[in-house]
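Student: When I checked TrEMBL for this same protein, it listed these features:
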| type | residues | note |
| --- | --- | --- |
| BINDING | His181, His202, His211 | Cu cation A binding site |
| BINDING | His332, His336, His365 | Cu cation B binding site |
| DISULFID | Cys104-Cys121 | disulfide bond |
| DISULFID | Cys120-Cys182 | disulfide bond |
| DOMAIN | 202-219 | domain 'Tyrosinase copper-binding' |
| DOMAIN | 358-369 | domain 'Tyrosinase copper-binding' |
| REGION | 42-63 | region 'Disordered' |
Amino acid sequence: MASLALSWSSTATGLPSQPLFSIKPPHSSTYTTRTRRCTWSCKANNGGQNEKHSPQNVETSQGKLDRRNLLLGMGGLYGAAANLVSDRSPALATPITSPDLSKCSTGTNLNTQQPLDVNCCPPVSKEIIDYKLPPVGKMRFRPAAHLAGEDYYAKFEKAVELMKALPPEDPRNFMQQANVHCAYCNLTYQQTGDPKLKLQIHNCWHFFPWHRWYLYFFERILGKLIDDPTFGLPFWNWDNPDGMIMPEVFARKHSPLFDARRNTSHLPPALADLAYSSKSPTNPKKIIPNNLTVMYGEMVRNVSKLEDFYGAKYVVGTAPDPGPGSVERGSHMALHGWVGENTPTGEDMGNFYSTARDPIFYSHHTNVDRLWTVWRGLRGPKPKDFPDSDWLDADFLFYDENAQLVRVKVVDTLDNEKMGYVYQDVDLPWLKNRPLARVKKSKAASSSGAPAAETVFPVKLNKVVKVLVKRPKKSRSKKDKEKEEELLVIEGIEVDTAKFVKFDVFVNDEDDKPDELDKAEYAGCYSQVPHKNSTKVKTKIRLG
Ligand code: C2O
């Protein structure tokens, strides 16, 4: 249960740009949310200390809504939504650092107060070495999974087989590797520096760097087992129509790459649906155009600010899940749900505690990692990385290919070539997929008959919700647009982390067809994969 306060925010720096409250917004846009499988609901979010900015709360049909959220929303009055999430952060933030492995717990199911029935804590080791990237010799080559040949797969299968055959207590054993993901995701670790909080590397700006390190060691372990220092993981090229089918070798029953816990209707030749939600299946004819538009949105359209791509700031004192970036919450999450069993808990891929037990996880994430590299290449002269030490100096623990526990930093992940691997060059067909508006904006808004946002939220999202949102400025010059992007910010999204949740957002849409994501009116989505332990999180999304 939670609140949705939504707004147009157009501050480029996070600081107030204009006293927008004095502008009479003369123009509204229609804002539509479509629930395709929405199991969450929202109610008023009373943060507590609102007196200064919000003398009164707004009474709505759903109850009281914290007026501060609304005001903040309306044009970034007091410093834009980005500041809301860091309410908890100490004044002098410090980067997330490695957890104390000896304090790893099995975690608790917060709904039932029962312990998790799996233990994903890694072996404890006394000696931790600060990892130095080894000098780059011959590059590891990561091929597109649909283009790699039988010889390559023979090696890959052999390596995974050997990894599965390692002693169960060896930290390089396949199950131990899968548990590394569970431990960093299912709240088994305390946050060093603020032990009241649990550590979570998803839904925040550590998503890309942490997973890059995770794959890096997984790959090196495989390479060592087959004595091939150039071995590179294959990427499941699901952003390209040629690679959208699950790579066939993963579906071979007797392959070490096979996993029985998958949605059987999504095995080859089904096309991966990057906007997947199990409640309303996408018309198969729409999958390819939708996927390309989803990719365009995540990689180009909705990511002018770093945090839009990477996810929200996460430092010591930040509660888990401050907010995911575009790829994390979109295509990445959709495919987790698409591959996992069609059950409420979605094992293996569709549930974070079990997801890395499916060998396809590593090819899925290798593509996510590749998209990070691609995105950096598309940025041109714009900044590609957060300059903050809070990001760069964050560190994590992994076991390397020699079973040595090592401490690694975000700063070393910025260049995959320095990490010794490159990607096969493939087409980026989605780059051409900039959708064009079909309906005049003013017409969509005026004919919608939708109520004003502030009279509707908070709202339980169990059907299509349409509202008018005031924009900070009626018309913006080309220069304005270059200087700062206009964003739709949806904050106070409260979801149960044990459920698969997704909703789509459309702007100025007319016809409400839920699977037409390949049109300009589609702004983006929120989605999450279930975690084993149920807990309520509050999060937000920003859509360009
Ligand atoms: Cu760590 Cu795709 O999740």
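Note that the numbers count up from 1, one per residue, in the order the chain is shown.
Each Cβ is built from the backbone N, Cα and C atoms, and glycine gets one as well.
Whatever TrEMBL says is automated annotation, not expert-curated.
Worth saying up front: this structure is predicted, and the values here are computed from it rather than measured.
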Student: According to DSSP, collapsed to three classes, what secondary structure does Cys121 (disulfide bond) have?
Tutor: coil
Student: Using CB atoms and a 10 A radius, I'd like the single residue among the disulfide-bonded residues Cys104, Cys120, Cys121 with the highest neighbour count.
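Tutor: Output for this query is Cys120.
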Student: Name them in sequence order: residues not among His181, His202, His211 whose Cβ is within 8 Å of the mean position of the Cβ atoms defining the Cu cation A site.
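Tutor: Along the chain, the qualifying residues are Tyr184, Cys185, Ile201, Phe207, Trp210, Tyr214, Phe352, His365.
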Student: Given the recorded positions Cys104, Cys120, Cys182, His332, His336, His365, which lie within 10 A of His211 (Cu cation A binding site) by CA-CA distance?
Tutor: His365
Student: Please list residues from the chain of His332 (Cu cation B binding site) whose Cβ is under 8 angstroms from its Cβ, counting only those at least six apart in sequence.
Tutor: His364, Val368
Student: I need the CA-to-CA distance for Cys121 (disulfide bond) versus His365 (Cu cation B binding site), whole Å please.
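Tutor: Counting only the Cα atoms, the answer is 22 Å.
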